[in-house]
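Sequence annotations record features per position, and here Swiss-Prot assigns L-tyrosine binding site to Y39, Y178, Q182. The feature ATP binding site is assigned by Swiss-Prot to K241. Swiss-Prot lists 360-417 with the feature domain 'S4 RNA-binding', giving sequence analysis as the kind of evidence. Taken from Swiss-Prot, the feature motif ''HIGH' region' covers 44-53. What Swiss-Prot records for 238-242 is motif ''KMSKS' region'.
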Amino acid sequence: MNNKNIDIIQLLYERDLIAQITNQEALIKILKSKSITLYCGFDPTSDSLHIGHLVPLLCLRQFQIFGHRPIILLGGGTGLIGDPSFKDSERKLNLIETVQKWIEKIKYQVSLFVDFSHSQYSQACIVNNYDWLSSISLLTFLRDIGKFFSVNKMINKDAIKKRLQKNNYGISYTEFSYNLLQSYDFTYLHKNYNAILQIGGSDQWGNIISGIDLIHRIYKRTTYGLTMPLLTKSDNTKFGKTEKHTIWLDAKKTSPYTFYQYWINTSDEEVYRFLKFFTNIDVDAINTLKKEDKMKNTKPQAQIILAEEITRLVHGKSGLKTAQKITRNLFTGQIHKLTLDDFEQLFQDGIPTVPLKAGITLQQALVESKLVVSRAQARELISSNSITVNSKKQLKTEYIFCATDRLYNRFTLLRRGKKHHCLITWE
């Protein structure tokens, strides 16, 4: 892409990545005239980021490609408080030691998306707001920062108003103070790093505006804010979650196979929008792909492209290759081609599992695994050639598992029909 022929704001609009923006014309003018420093904050609520964090991370990446310097703020301080924005209830307060451990793990994850290696101006950096929030005294904070905030305005912000209307408990002073802390973060980064733009999800609009106002009150300078749409699925369920799991970026929490499958199962209504959000594929190429998929009677290619692009980005070429291999062999029945590590991924979170003891019959295993509801149904499906043990159809209704059924002396894969699987782990 030729950066001289398009500005970063235009690019983000083309990819539907802007929800709100302040002082747009002035910001575009500055972005075209010089390199700026911008930041986005991530509060650690676990030891891993999840796929909901991908949009702001990739947005930071786009700004860096255009020659701007991204700062990733990890909320070691604000993460101890909890952001009440559009949350129904008070967050659990975590120990300082726990939050700091989470931050160390998250540092590696964010390094996958922005470049820390360049010595030029656009080199990214990571900061931890615990470093400055923990060193300012309460009296100093209230006198120097608190005096600029009107409680009347704060309780009328949508994020707080909805919380106050939701339940009888309302909001604690701890979480109510979060808005001041995030505003102070912007002020600190403006003073010490010359940050003039904060980006975040659309739920952060109120916090970002407060930071802009605080900087103007203290320094009489103009800064900017930009938010991206919060992703929801077409059925209004929360993006980034399945019925059982949050889709994490850490392979130990969400295996590359499950990560890949999540994107493969993206609906036709969502997939082209997600290609704009999560890949660098040109928008014209995405629109062409959409037309081609609609003209074909076969399965759309968009989901495969999306899954490949994002899995490669997060888990590398080897992670993608493994996810594709497991997918291919699992659904073609070539179980003998799966390695022990492949089975470990399936056991981690890939398919349902059931622990069983030696001597159990196939009928019992099918019931225990919930692949069938009764032994009668089990006998019927076995007789009709619908049950596979590892790679082989099993027609014996009274079949008892033997040692050769145990792959790597631990696993046996049951399949009902073509799509329903369960992994036996032998005790």
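Backbone N, Cα and C atoms are what each Cβ position is placed from, and that goes for glycine too.
Mapped onto this structure are the features recorded in Swiss-Prot.
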residue : record                  : Cβ within 10 Å
Y39     : L-tyrosine binding site : 23
Y178    : L-tyrosine binding site : 22
Q182    : L-tyrosine binding site : 28
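Residue counts for the motif ''HIGH' region' (44-53) under DSSP, split into helix (H, G, I), strand (E, B) and coil, are 3 helix, 1 strand, 6 coil.
Our reading of the L-tyrosine binding annotation (Y39, Y178, Q182) yields a largest Cα to Cα distance of 18 angstrom. Secondary structure counts, DSSP: the domain 'S4 RNA-binding' (360-417) has 19 helix, 14 strand, 25 coil. Under the three-state DSSP scheme, Y39 (L-tyrosine binding site) falls in the strand class.
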